[in-house]
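Trainee: Supplied in C-alpha cells, the structure appears directly below.
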Amino acid sequence: MDLIGGPFSVIESDPGVFTALTRRLGVKNLSVVEVFDIEPWATDHLQPHGLIFCFHWRKDIHRPAEFENPEQVWFANQLSDDACATHAILNVLLNCPTVNLGHELQQFRDETKEMSPVMKGLAVTNSTHIRNVHNSLARQADLRGSLNAIATTTLSAQKAKAKEQQQSLKKKHAATPSKSKLHMKTKPKTKPVDSADSAEEEEAFHFIGYVPAFGKVWELDGLKPGPLEVGELTLANNATGWMDVARPAIRMKMAKYGGGTDAGNIQFSLLALVDGTYEKANDEWEYWRRERRSIERRLDDTDGNWKAKVDQESLLKVSEHAFTLSDAPGRMFLQAGSHRLLRDAEILSSSPDTLLGQWETAVRQAVQTKIDVEEEIKKAGDDWTDHIKRTHDYEPFVVDYIKCLCRDGFLEALLDIAKSTNPNNGSITAGKAKKPKMTLPDDQIDQEDSHNADDDDDDDEWRTPPLRRHV
C-alpha cells in the first residue's frame with residue numbers, strides 16, 4: 001500500500017457517487033444508474049456497457065483452474081482495503097472499447113496493459129489521480145477511519161513483532177526441561193474468536209464487475225486471482241444480448257450471498273454503466289429542435305400562411321417555449337449528425353401536404369424531451385447537493401457545540417433527560433437525586449480536554465468503531 005499518499009476510503013453504493021467517480025476520472029458521456037431487476041424488461045432498454053454488483057461479502061473457495069488470465073482482458077487485483085468500488089469501475093471501463101475514457105485514463109490503460117494483474121493493482125494503488133478522485137467522494141469520518149485503520153494495523157504489527165522477539169529470547173534462555181515435564185500432557189490451547197473482527201467481517205461489502213469483452217462475458221473480482229468466464233457470446237448477441245449470458249450468473253450470486261428463493265436477505269445492489277442520460281436526452285431534444293427548424297423553412301417556401309392551418313392553436317404557443325432551455329449547459333450534443341442530414345434531405349423532397357403534420361409531431365416530441373432534459377438537470381443538482389452534504393466535515397461544529405453546552409451549564413441537564421427517558425438504563429435508580437449544574441471556566445475546560453487527549457494517546461488497545469465497510 002502506498003502510505004505516502006494515504007489509503008482508500010469507503011464510498012457509498014449510490015448511482016450519483018459512481019457517476020461522479022467516472023466523470024472525475026475523465027470518462028465522458030457515461031452515467032451510472034441503479035437497476036432494480038435483472039429481467040429483460042428492466043435492462044434491455046438501458047443497453048449497459050457493464051454492471052457493478054455490490055453484495056455482502058464473505059470468504060469463499062474457488063479452484064485456481066476456474067480463473068483465466070487472458071492478455072487482452074484488462075484486470076487488476078485489489079491490493080488496498082476499501083478500494084473495491086474503484087477497482088470494479090476500472091476493470092469494467094478499461095474493457096469497453098466504445099467508451100471515451102479521456103486522456104489520463106486512456107494513458108493509464110496503455111501504460112499498464114502489458115502488466116500482470118498484481119502489478120496493475122499496484123499501479124492503481126499508487127496512482128495519485130485515482131486515489132484522490134476516489135477519496136473526494138468519501139465522508140470525512142470515513143477518511144479519518146481509513147487513516148485510523150492504518151495506525152491500528154501498524155500498532156498491531158509492532159506488537160506482534162515485539163511479542164515474537166520476547167518469545168525467541170525466552171526460548172534461548174530457557175533451561176532444558178526435565179524428563180517428568182516431557183511426559184506431561186498439556187491441554188491444547190484454543191484461539192479465542194475476536195468478536196470485533198467477526199462483526200467487522202459480517203459488515204463487509206464488496207463490488208465486482210460484469211462486462212462483455214472479446215467474445216465472452218467476464219466476472220471481474222479484484223480479490224480473485226483473475227477474470228472468471230461467465231459464458232461465450234455469439235455474433236447475434238455480442239453487442240446487446242450479453243445480459244442473457246450474465247443474467248444466470250447474477251442470479252446465482254444473489255442466491256449465494258443473500259436473497260435466494262424467499263428473498264429474505266436482500267443485501268446487494270446492481271448498478272449499470274450506460275450512455276450519459278443527460279447527453280442522450282439533450283441529443284434527442286436537439287434533434288427535434290432542428291427538425292422543427294427545417295420543416296418551418298420548407299413551409300415558409302411553400303405556404304406563407306401555414307400557421308393559420310395548424311389544428312390546435314395552443315401548439316403555436318407551446319412551440320415558443322418547447323425549444324428553449326435556459327438552465328441547460330451551453331454546449332449542445334448531437335451524436336446522430338449523419339441521421340440528421342438524411343432527414344433534412346427527406347424534408348426538402350416531402351410533399352407540402354404532409355409537412356404540417358410533421359411539424360406538429362416535432363413540437364409534441366420536443367415538449368416531452370424538454371421535460372426529460374430538465375429532469376436530468378434537476379437530478380444533477382440534487383446529486384451535487386448530496387455530495388456537499390456527504391463530504392462536509394461536521395465534527396468541528398459538533399465538538400464546539402458540546403463545549404458551549406458544557407460551558408453554559410446545559411450539558412448535564414440534557415444528559416439527565418436522556419438517562420431518564422431510557423428505561424433500559426440500569427444505572428438510573430428511583431429516587432436518585434440529580435447532580436447539580438456546574439459551570440466550568442474556559443481555561444479548565446481546555447485543561448480537561450488536553451488531559452483527556454493525553455489519556456487517549458496512552459491507550460494502546462484502542463480500535464476504530466465497527467463500520468459498514470467495503471473490502
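Just so it is clear, glycine is given a Cβ too, placed from its N, Cα and C backbone atoms.
Remember, predicted model here, so these are calculated numbers, not experimental data.
When I checked TrEMBL for this same protein, it listed these features:
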ACT_SITE  Cys84  active site, nucleophile
COMPBIAS  169-190  compositional bias 'Basic residues'
DOMAIN    7-275  domain 'UCH catalytic'
REGION    158-198  region 'Disordered'
REGION    421-471  region 'Disordered'
SITE      Asp221  site 'Important for enzyme activity'
Trainee: For Asp221 (site 'Important for enzyme activity'), just count the other CB atoms lying within 10 A of its CB, please.
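Mentor: The answer is 25 other Cβ atoms.
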Trainee: State the count of C-beta atoms found within 10 angstroms of the C-beta of the residue listed as 'active site, nucleophile', not counting that atom itself.
Mentor: 27
Trainee: Distance check, please: Cα of Asp221 (site 'Important for enzyme activity') against Cα of the residue listed as 'active site, nucleophile', rounded to an integer number of angstrom.
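Mentor: Counting only the Cα atoms, the answer is 9 Å.
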